[in-house]
Each structure stands twice: as structure tokens, then as C-alpha cells.
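Beneath this line is the structure, given in C-alpha cells, with notes to follow.
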């Protein structure tokens, strides 16, 4: 069939009439200098502070320094392919990460990209990594306990939902173990956990993930990992990415626990970026806004009031000290921002007291309102007992002739230290903690040899579970203590069958 010339011309005419010239205007700049994860870009006249920009190879950057003639950009990815003269485009977006239920059980990097080899994330929801903290009137005071499963913490420095509790100590004193145990203990507590690993070895993160998986804790945990091999900008944004993921759950009325492991490495990464961007250094070469770096992050942890759904974010930031010096710059900053600190001491750790919590320097500024009634009653005198024991212990080294009252205090102190010891990855439920602490504080362990205390505890708690489960049930349901007679009867019945070791 021949096509007529008129038809062709009519077709061309209609195509020409319908043609729309689509023109897009993009603000572009040129890289004038690049190195160490920082690019200096000329142009980008209308760029916003904190805006994402895109390099020619698809790598994103974050506009940080807005100067008269150029923009300092931190590069969020590999920077070896970026060279002088490359084009940089504005995106008009600020930094956002994917959020939602789909992230639970996954390991992601600070950009929200999965790194666990289990395929893409099926979520379309995102949140900006920087957002203002909730206001004063949107909050509510902390009144619900967050059970860590660690006796020394739940009894001496209780943590509440919505609190910020700093965990501080030298390297290799068991800080990460405290966090992992706390996450494991949230199994049936309807909590979502976010573990942010900043500047950790890949192998360490792998071990933590495998521990969580083995105990079934990955079913309610998101792991955000910015390992030591990542460029500094990713270490800097990792905590903000983690808290953005947590906020999505908090504003939907859920309770979240977020662990930052650790903020010292984030501060060091931020110092590196600031020095490369030629910002003036201050104390310990940190930039002037290193306090704001952490305060704006930790203020996003809150307990919301009921009109906003009553959700909460509880933050456990970690800070690593050098030789136990808690008066350095970053430790003092974070201590002043948080609602208390748990100080892990290397001397205690090496002497076999684990978790190595120094009860004298550790404090919770929320205190009793984050404990159930039963725990408040049994743990009331525990801190004082421990403090007086530590004081007497140093005196007792010099003199052997001690009066009976002092001897009794020392003996009780030794048993207190033994009871507060705990193996890793074995968190205890609050009913079991209350039961053993009752036996300790009421003097029922005074006739048990010190070397038998740990065995007595394990066997006694197992015996109560089998022969007197009503004790655990009453503590769980009423949050109060059962009658003294019930406890005493159970303790005495077990003591009759307990085999003390020969002294």
C-alpha cells in the first residue's frame, strides 16, 4: 500500500505542532581541588548548607563550607575517581535515609544501603538525617524502666525509657558487651533496637551481628555499620542516620533503644573533616562546635507525651577514655549532655569483676522512677553497702584486728561484689534479679562461702523457677515484693539441699 505524500506531510506537521522543547536548568559547579574525602567546588552559587550534591560518577557529597568563591563538599563514598575539573550538580535534596519496618533484621551502611548481601530494602519511606529534636511540651518525664538484664545496672544505675545514659570506659573494658546484653534482654519487651557501630573493625561488627542472630535478637534490631575502613564522612553521619531510623518508630508510638558505639570515633572523624575544611581548631584540635555535634544528636532521644503516641528513644552513647581520664574534652561534653553515666573501670575488669562497673562514679539522674517497686526496695542500700565496702577494703589491707561490725561489712561487701558479677550474653529477667538481691540484702547469703556465691545463685534461681514459680509470677504481675515469709521459706528450703564446698 503506497503512502501518499499528503499523509506524510500531515503527519510531520502534527509532530512539529505537538513538539515541546523541554529544558532543564541545573546549578553546576567545577571541582578545583580534591583529596582526603573533601572536594573544593567553584560555582554552585545557590547551594544550601547540608544539601546533597552529585559528582559526575554518581557519588554524592554533602555541602558543608559555603565560602565566597567556592563550596567545601565532603564526599560520601569513594573519591579516587573524582578529579580536578569534574562537574558537580546540585540535587535540591538534603541527606535522607530509608526508614521503616523493612530495615529490621538488616545490616546497612550510613546511607541506608544494605551491606549484608540479602538483597535490596523494600521501603519507599525516608527521613532526613538532621531534624530538630522534639520540643519541651511534646515530652514527658521518664517513668518506665528499661530492663538491661544486667544486675549491677538495673539495681545501682537504673535506666528508663527515653533516658540518655552514657557508657564510658577505656578500650577493652566490656562496653560493647553491656550494649549487646541489653539488646538481648529486650526480646519480649516490645522494643526495637538500633545498633550503630562507628569506626569498629569489620570483624567486631560481624561478631556482634552473629551474637544477635544466634540469640534471635536480630528479629527486632537494625545494625548501622560505618567500619574503620570507611571514609570519615560516613563515620560522621552514621549516628544521625541511626537516630533517623529510630525516630520513625518513636513517632509511631513504639519504644526504641539506640546504641552509639562509639561517639569518640565520630568526634575524631568530625575533627578530621573540620581540619581538612580548614575550620579553626579549638581544644584538643576539635572544632568549636563539637559539643553541638553530640548535643543535637542526643537531644533527639526522648519520651513523647501521650498525645503524640507515647513512644520513646532511649540512647546508650559510648565514649572511650584514655587511661581512665574522664575529664578529657569529649567525655566531659557527653557527661554534661546525658542523664547519667556508667563508668567501666579497667582495674575492676582485670581483677575479674565483670561487668566492671564502678558504683562510686556511675550515676543515673533518673534513678528510682526507672525502677519497679520491688527493685527499689531490695536495691535501696546496695550502693551504700558497696561504697562502704570499697572504703573499708583499702583500710583492711593494713590491719588484721578488725571489730566484728567491720568484719561483717567486709564479708557482706565481698558477697555483694560476687552477686553483681555476670557472664556475658546471659541477661537476667527482673524477677530473678529481685529474688537474688533480696537474699543478699537481707543477709541470707552471709553464711554461704564467697567462692560458692555464683553457684548458689544459679542453682537457687533454677530451684525457685521449678519449686516456687509463684515468687517470680508475683514480682512480674504486681511489680512489688512478695511477703518476707514467702521469700524466707524458699531460701531456707533451698539452703537445706545446697552443698557448700569444703573450706
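Here, residue 1 is simply the first one shown, and the rest follow in order.
Backbone N, Cα and C define each Cβ position, glycine as well.
Look at Swiss-Prot and you will find 169, 170, 171, 172, 173, 174, 175, 176 tagged as ATP binding site, backed by sequence analysis. Residue 176 (ATP binding site) carries a helical DSSP state (H, G or I). A simple way to gauge crowding: the CB of residue 176 (ATP binding site) has 23 other CB atoms within 10 angstroms, across all the protein chains here.
Taking the Cβ of residue 362 (site 'Required for activity') as reference, residues of its chain lying under 8 Å away and at least six apart in sequence are, in sequence order, 156, 157, 340, 341, 342, 343. A coil conformation is recorded for residue 362 (site 'Required for activity') in the three-state DSSP classification, outside any helix or strand. Annotation comment: Swiss-Prot describes 362 as site 'Required for activity', evidence class sequence analysis.
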Residue among binding-site residues 172, 173 with least C-beta crowding, 10 angstrom cut-off: 172
Binding-site residues: 169, 174 - member with fewest neighbouring CB atoms within 10 Å: 174
Local backbone state of residue 169 (ATP binding site), from DSSP in three classes: strand
Listed binding-site residues (171, 175), ranked by Cβ neighbours within 10 Å, top entry: 175
